[in-house]
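Structure first, commentary second.
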Amino acid sequence: METLIQNFGACSIPSPADYEYYTSDSARLIFQTVFQSKEDWDSYVQNDPDFFEQAGPREKIYFRPEEVTAGIVTCGGLCPGINDVIRGIVMELYYRYGVSRILGFPYGYQGLVKKYSHEPIELTPEKVAHIVEEGGSMLASSRGNQSSSEMVDCLLSYGVKMLFCIGGDGTLRGAREIVGEIAKRKEKISIIGIPKTIDNDINYVQKTFGFSTAFSKAMESVECAHVEAKGTPNGIGLVKLMGRHSGFIAVNAALASRNVNYCLIPEVNFDLYGNGAFLDDLKKRIQKKKHAVIIVAEGAGQKFFDSTEERDPSGNLKLKDIGLFLKDTMIEFFKKENIPVNIKYIDPSYIIRSIPANAEDSVFCGFLAQNAVHAAMAGKTDMVVGMWNNVFTHLPISIAIQERKVLQPDRSTLWRSLLASTGQPAHLLGVRG
C-alpha cells in the first residue's frame, strides 16, 4: 500500500504558528496494531510494513503566509460539523499562520465554475465566529461532477494557493481530478481533503466527523419507536436510518439504545421467508414478547427489488425504499398469519444530518481543521486528513477512495456486540420447508 504523501518541495520557512512543539515530517503511525503472536509481529516488521504519515504542525513550512490565498469548498450531502470545520480552518489560517485572504466558494464545486456565477465569500474570523451554532454549511453545497479544467482556471484567477475540500467519496474523487489538472499545468496549489460522511465509510479513516452526532440523534427515533411498540399489543417499531453501503449508523444507534431487537444492514444478507428467515423469527418474537423494534439501514435488502442503473447527480445508484417495503411486507405477512400487529414506521433521515454537531464532533472537527491547515502550509497535496488508531494522519486521496469502508461481520467486535444486544440470530437466512 503506497502511503507516501506528495510534497511540493523542501520546507524552508520558519513556521509563524508559534507552537511549543512540532510534529516531525518523518513521524509515522504503524498501520496494523494487533498481532496474534510475537512471530506475527516479527514477520510484519521484516516485510516493509505499511505506515501512515502523522498529522500535525511542522516546524518549517512551504508557503509564505503573506502570499497565500486559501479556498474552502463544501460538497455533497449535509452533515453535522461542516461549519465547525470551516470555522476551524479560518481561525487556524488567520490567527496561527497570518493568512488574511480566505475565500469560501459556495454551492460545492459549482462555486469553482464560472458559468454558475456563484461569487466567492470572503471569510474572516468575525464572519465565521458563530456559525457552529447552526447546522448545514454556511457555504451551501451541491452534487455532481464539474470540469477540472474550469475549476483550476477559477483557482488560478483568484490566486488560490491551497484549497480545502470538505466532502465524501465523490468530493474526494473530484479533488483528485483537480490535483491532476494542476500537475498537468505545473502549478503548485495544495489540495487537502477533509472527509465528510455521516455513514463513516471512508477507507482507512477510523471515523468521520458528523457520525457521532448522527447516530446520537438517530437514537432518539429508536427510543420513540420502542415506546410506540410497547404501547400497543403486538406493536412493531420500524426505523430506517442512513447507510447506503455501510451499517455503522444503524449498528451504533442500536447499541446506544439497547432496545433494538433486529438491526438489518447492507453488509449482512438476510431473507424474508422460510424457516429461520427474518419474518419467521419476527413472528416468534411477537408471539412471545408482544412487541419488537427494528432498525434497517437504507442500503439493506436491495436484493428484494428489481435492479436499476438510475443514478443521482453524484453517480451513486439510486436505492429503493427498503423501509416502506419492509413495512408493507410485514403488514401482508402478519395478515396471512392471522396475527394483528400495529406497525409504526419512522424515517428520520434528513433530521439526523442537518443539525449542529454535538460536543464530541465539534472537538473532532476542530482537530481535523487545524491538521488540514498544517498540511497545506507545509506544501502537502493530494491527501486527506484522517484518524487511525486515535492518531491524526495524512492519507493519499487515492487510498481513501479505492473502496468503501464496510463493517465486517465475520470478525467485527462491533457486530458481535450488536448480536449480543439485540438477541437476533447471526444469520436470518430462510430454509424453505
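Glycine residues also receive a Cβ, built from the backbone N, Cα and C atoms like all the rest.
Per TrEMBL, domain 'Phosphofructokinase' is recorded for 70-375.
Annotation comment: TrEMBL describes GLY77, ARG143, GLY144, GLY168, ASP169, GLY170, THR171 as ATP binding site. Within its own chain, ASP169 (ATP binding site) has THR197, ASP201, ILE202, ILE401, ARG404 as residues 6 or more apart in sequence whose C-beta sits under 8 angstroms from its own.
Residues or ranges marked as Mg(2+) binding site in TrEMBL: ASP169.
The site 'Important for substrate specificity' annotation in TrEMBL covers GLY170. Under DSSP, GLY170 (ATP binding site) is assigned to a helix (H, G or I) in the three-state scheme.
The substrate binding site annotation in TrEMBL covers THR197, ILE198, ASP199, MET242, GLY243, ARG244, GLU298, TYR350, ILE351, ILE352, ARG353. Taken residue by residue with DSSP, ASP199 (substrate binding site) is part of neither helix nor strand, so it is coil.
In the structure as shown, the Cβ atom of ASP199 (substrate binding site) sits within 10 Å of 28 other Cβ atoms. If you look up TrEMBL, you'll see ASP199 marked as active site, proton acceptor.
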| query | Given the binding-site residues GLY77, GLY243, which one is most crowded in terms of C-beta atoms within 10 angstroms? | reply | GLY243
| Can you tell me how far the Cα of GLU298 (substrate binding site) sits from the Cα of THR171 (ATP binding site), in Å? | 21
| note | Check: min Cα-Cα distance from GLY170 (ATP binding site) over binding-site residues ASP199, ILE351, ARG353 goes to ASP199
| How would DSSP class GLY243 (substrate binding site) in three states? | coil
| message | Going by DSSP, is GLY144 (ATP binding site) sitting in a helix, a strand, or coil? | response | coil
| request: Report the largest Cα to Cα distance, in Å and rounded to a whole number, among the residues GLY77, ARG143, GLY144, GLY168, ASP169, GLY170, THR171 that the record lists as binding ATP. | output: 12
